[in-house]
Amino acid sequence: QTQLLGVLLAAASNFLISVSLNIQKCAHLRLACQTEPKPYYTSKLWWCGITLLGLAEVGNFTAYGFAPIALVAPLGCVSVIGSAFISVLFLKKNMRAADILGGALTVTGTYLLVTFAPNVPQELTARGVQNYLVRWPFLLYSILEIILFCILLYFYKRKAAKHIVILLMMVALLASLTIIAVKAVASMITLSAKGMMQLTYPVFYIMIVLMATSCAFQVKFLTQAMHLYKTTAVVPINFVFFTTSAIISGIIFYQEFHSAALLSVFMFLFGCLLSFLGVFVIARNKKEEHLQIPFVDCGHIPGQKLTAKIQPDSHSSCYGTLNNEDNSMK
């Protein structure tokens, strides 16, 4: 019953995330169509979407206190499929055959995930978390993860390699630490609410710092990926990397598949595969909407080789300028 509560809470929270994102998108489109556009934070509709998003994230956080990581993390596919269908209602988009096929695959995969997910005790005490932190599988996993992250960070910083796989791999590596910390914090808060005080242990605050720090850096690299690449490419790849990383961290840190049968493990992985495939089908060849910003034809500029047009910076009130090292030309 506890695990079922976590599943329902995670599914409802992810569905609410898709609703909130579509409400925010609808608010942005309405403001853009006005003759005198106002800042988005003046829109009541936008604030409604932000409020729903906050409630959904709180629900997602709470779900980790009732269900295993391997079950809660893959349920993020509910937000992807929900967004595809809700956008038809909010943004008046057309329903595609790919959305229906992807939705069917995702629903089937989610059913297998819920049915064959590991059934492990979810009441994690502070002492239990401390014991997990010093076990050699987690220490070895942490060392390997740090080495891999440093290699990726070297290519990102020194070699200016901003490939989508490098960015989202760093997000996934940080996400594994975030998920471990989130589950520990959620479980200790849940036990404290039941009368078993866990908030006096130092490990509780260590996990909060780990959760906040890793989450902040996740946002940094994910924002970079969203800026450089299309949403239709970032969303499915990030979902696959994030879910895989979360499941691995749950297996190593919390031993969630320690006593699971081989058939259950196989069917669970098959359910993950169907969910991944469904998300890719929904996102594949999906057209993104862009606001129509007029281009400016600069014509011939002395001393410059110009073969394209200059587009105004959407984040500024002035037009972009050409880079030129010659002061006389400036």
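Cβ coordinates come from backbone N, Cα and C, glycine included.
As the structure is a computational prediction, the values presented were derived from the model and not from experiment.
Features reported for this protein in TrEMBL:
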type: TRANSMEM; residues: 6-24; note: transmembrane segment
type: TRANSMEM; residues: 45-63; note: transmembrane segment
type: TRANSMEM; residues: 69-91; note: transmembrane segment
type: TRANSMEM; residues: 98-118; note: transmembrane segment
type: TRANSMEM; residues: 138-156; note: transmembrane segment
type: TRANSMEM; residues: 163-182; note: transmembrane segment
type: TRANSMEM; residues: 202-222; note: transmembrane segment
type: TRANSMEM; residues: 234-254; note: transmembrane segment
type: TRANSMEM; residues: 260-283; note: transmembrane segment
Quick check: do the transmembrane segment (98-118) and the transmembrane segment (138-156) share at least 3 Cβ pairs under 8 Å, counting only pairs 6+ apart in sequence?
no
The transmembrane segment (234-254) versus listed stretches 6-24, 69-91, 163-182, 202-222: most Cβ pairs under 8 Å:
163-182
Long-range Cβ neighbours of the transmembrane segment (6-24) (under 8 Å; 6 or more residues past either end):
45-46, 48-53, 55-60, 62-67, 71-72, 75-83, 86-87, 90-91, 110, 114, 122
